[in-house]
């Protein structure tokens, strides 16, 4: 575990240490506008969260998690090396110029290609590390035969997320401080060295790992189910609740012999038309594109069923990954103790600190207390926790709008309307509550999502479960970029100043935050509908052989009068 957590922690220190201040690097060194810089970061975030789907596919289906993490670490190191070269070599950037005071020469195509390529390569590397690390860690401790296995996994998820939070806190404080004080060459060089160290530590621990080998392609299995269901669409299904033994193909030695009734039309993919034509002499399917197993059908159903709830996390991702607060805080009084100033890119540490403290308090104090009140072993149900997280992101955006309205009005009053670099007398501590609310929202929603997907999928789909969260963050990046683009183009029509203008005192970032608040409120109402339609998420996945065994064992314990976790 120390090698796995060290690799993930150093990767987070490197990645988030770069992201926190990147909007300032793009504006000052490459002369991008605030809107263009935000779009680039949204798209980089999207790419970094789309690639985990590919990483999950490769790890679960072919290469295994260890090899995918190792390759991802090396590729990430290459990407950061390319980014560091943009700061080290002067001709990789346009001539020095202050974009807020004068007309600056734009970067050349070659310069932008190198910059964009560094982002793309880092995103590919992240695709190998991010979906597999937490699942690889769970592989080391997951023991279905242990009656306390579910609680052990929950505790692992919480503490793993907390350790990552601490790592990110270090990145947005120490790394950002180095960038502000020592410049971009050293500021990018330190993450480069940390990522190299992460790769070395992870490879050193290789002899000690539990390595789960990749199975056949899960995505190919999904495609086979779709194809078989379509080819068999004209077949009639057996009546509901009828005896189905022998009518469905369940594979050799499988204890799950019939599919569930949910999404019943997909059951045609495992319906045997003619045993003589569909099965060989060993009882195996002759053509897997015409006949699939019950487990394949139920795996696809599980994935389809969670998609509506998954989609509600997209708006939360838009809110959490905002880069504009860095620009706003830059114009506020950032003195903390005496003459000590907090770097503008470091204010997200308050959200991370809130997340980490809350996880520890909830796991050790609140969860046991709430369990006594609600009768739920986790204190609050998974859907309750996800819903609370969505409410908190909505409140955070409303608070951001109110604080920005006050900051802008004071900046104009103090004569900084045309000087966005001017520092107002308003303390930057007013920006802390919105970051704390977002950190608390992530603690509820993100961890709730991880446990939700992990509980609804089988163990061989665990990396895909985690990658779903990453994919949601990726779609959130695209949505965030689209929102910024629309707001920028619509609000500057007719010669008006854009709400997201590079001059933060001329723009109206408060209006932009109110747009996000309204969208977040609508998203929460949509979540309530999706949550109601989903039904209970606490039931065991009895379509999985290993879960069927565990379910039978628990049933035996109940009949024997032995207390179980559900009784407690």
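Note that Cβ sites are derived from N, Cα and C of the backbone, with glycine treated the same way.
Per TrEMBL, the features are as follows:
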COMPBIAS  545-554  compositional bias 'Acidic residues'
REGION    545-568  region 'Disordered'
TRANSMEM  62-84  transmembrane segment
TRANSMEM  113-138  transmembrane segment
TRANSMEM  159-178  transmembrane segment
TRANSMEM  184-210  transmembrane segment
TRANSMEM  342-362  transmembrane segment
TRANSMEM  382-403  transmembrane segment
TRANSMEM  464-487  transmembrane segment
TRANSMEM  511-534  transmembrane segment
Recorded stretches the transmembrane segment (464-487) and the transmembrane segment (342-362) touching, at least 3 CB pairs under 8 Å | no
Check the transmembrane segment (382-403) against each of 62-84, 113-138, 159-178, 184-210, 511-534 and return whichever range has the most CB pairs under 8 Å.
-> 511-534
What same-chain residues lie close to the transmembrane segment (342-362): Cβ under 8 Å, and 6 or more beyond its ends?
-> 20-21, 24, 158-159, 161-162, 165-166, 168-169, 172-173, 176-177, 179-180, 325-327, 329-330, 334, 336, 379, 428, 431-432, 435-440, 442-443, 447
